[in-house]
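Below is one structure, written out as structure tokens; comments come after it.
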Amino acid sequence: MGFNRGWGVVLLALLWVSLFAGLAFAGDIVHQDDKAPKVPGCSNDFVLVKVQTYVDNKEDNEYVGVGARFGTPMESKEKHAYRTRVSLSDPPDLCSPPKNKLSGDVVLVHRGNCKFTIKAKVAESVGASAILIINNRKELYKMVCDSNETNLHINIPAVMLPQDAGESLESYLKKGTPVSVQLYSPDRPLVDTAEVFLWLMAVGTILCASYWSAWSAREASLEHDKLLKDAPDDLPDMEGTGSSGVVDINMTSAVLFALIASCFLILLYKLMSFWFIEILVVIFCIGGVEGLQTCLVALLSRWFKHAGESFVKVPFFGAVSYLTLVVSPFCIAFAVIWAVYRRISLAWIGQDILGIALIVTVLQIVRVTNLKVGTVLLGCAFMYDIFWVFISKLWFHESVMIVVARGDKSGEDGVPMLLKIPRMFDPWGGYSIIGFGDILLPGLLIAFSLRYDWAANRNFRTGYFLWSMIAYGFGLLITYVALNLMDGRGQPALLYIVPFTLGTISALGRKRGELRNLWRGEPERMCPHIHQ
């Protein structure tokens, strides 16, 4: 890959990384948090509730609601959940006793005009078996109690439905069509295999990219040494030559990262729409094609060396190898097919392949030259990640990074800037995802550690690469532990990964008395042709 094309891949990838420096979540759909304290009679854990509907005695749509803090806990097994008739309340808000009979029915009511607990008490007093409350927006809301409420012994389940689901059921009932529902809340598995595979994907991507980066640096160094040996008179001129196509991150770019990233993220947050997502898909495909092409050419050139070293001049692109000409149409076709069919169930496979290829390519092209630059870069990413996941709620009333990652207001199921795997054994479905930055940014530091080890002739035990990989694996593992403890709500993964990776390398360097060498950069190598 030439230098200009390398910069193209770098800029595209840094766009994705700047938007999602570090993010992992498992499809949380409940937006309002539970700051209200638990009180006697109002101490249920918030749970998602499956609302399986039957229209005119035929199975219809399944909706997802959220159980209230008060009321009877939801049944967890579908086989124990009874199918019950649904009735509309009159008055619709059920803030006063209804005019119609509701005995044994599930009552459907509108939100507003009185407290949730009052609605539930009225429903219970007239013999309703459960209450479904229609929210006034498409999102869900967690129903809590006021801290000064007493006598909250409500003995029927209460569930909040999103606006579109509630209106659909209401339209059937107003037409006189019989509607019944099953209400139950299946338990989420403690660990889903999706998280295991994501962990393996992230660790494997950094492992492969680090070895490619170190191998490329070694080959460039050996070639440089050979040139020095064959042409010693040109030594002053060749000292400054570097490996073409390699971009070194400096202190300035490391510091500017957080500012540029924030601007990109706010822009995407404000302009989020269907058409804006389409533009992002095109940009992602361009970067994915470049990454996939680079990886395939590098791999196939081991077997088809002649095709990889034979070049033809192509307008606009310059000298291009025959192997690249053969591989490029396949890569373009792969990206186009994914873009066209990205909404089907298996499209995540193509997205992950393009994303991993892009990340591996960037980790081979972009390099952190020393621990000093790595510390500043990861430190800025660490603060950026925490701010846009957690602190941004204070100004925007929602987590900006999570809203953008979900693709809210776009009509799309997330944006194409993430690796994702469906939660295969989770009854709630959805995806576990990981941001490009969770892999790429720590990967820059880990790749540096392997180059340092090779330059210093260190083995696994005495080097830094093995320990930094272990630290990264533990940091990502802690991320998923926190994710499950937070019921799948988005977590800033770099909050956990950065202290593990950066802290491990720094602590080892200090213990071995090499922190200054790590801080300044890779150790100098003696040319192999010079003998003492």
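Quick reminder: no glycine exception, Cβ is built from N, Cα and C everywhere.
Residues annotated as signal peptide in TrEMBL: 1-26. Look at TrEMBL and you will find 91-169 tagged as domain 'PA'. Marked as transmembrane segment by TrEMBL: 196-214, 249-269, 275-304, 316-340, 346-366, 373-391, 428-450, 462-481, 493-510.
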Ranked by Cβ pairs within a distance under 8 Å of the transmembrane segment (373-391), the first of 196-214, 249-269, 275-304, 316-340, 493-510 is 249-269
So, do the transmembrane segment (428-450) and the transmembrane segment (275-304) meet, by the test of 3 or more Cβ pairs under 8 Å (sequence gap 6 or more)?
no
Recorded stretch that, among 196-214, 249-269, 275-304, 493-510, has the most CB pairs under 8 Å to the transmembrane segment (346-366):
275-304
Go through the chain and flag residues at least 6 beyond the ends of the transmembrane segment (249-269) whose CB is under 8 A from any CB in it; none is fine as an answer.
15, 17-19, 21, 276, 280, 366-369, 372-373, 376-377, 380-381, 383-384, 388, 396, 400-401, 403-404, 415, 444
Composition by DSSP (helix, strand, coil) of residues within the domain 'PA' (91-169):
17 helix, 15 strand, 47 coil
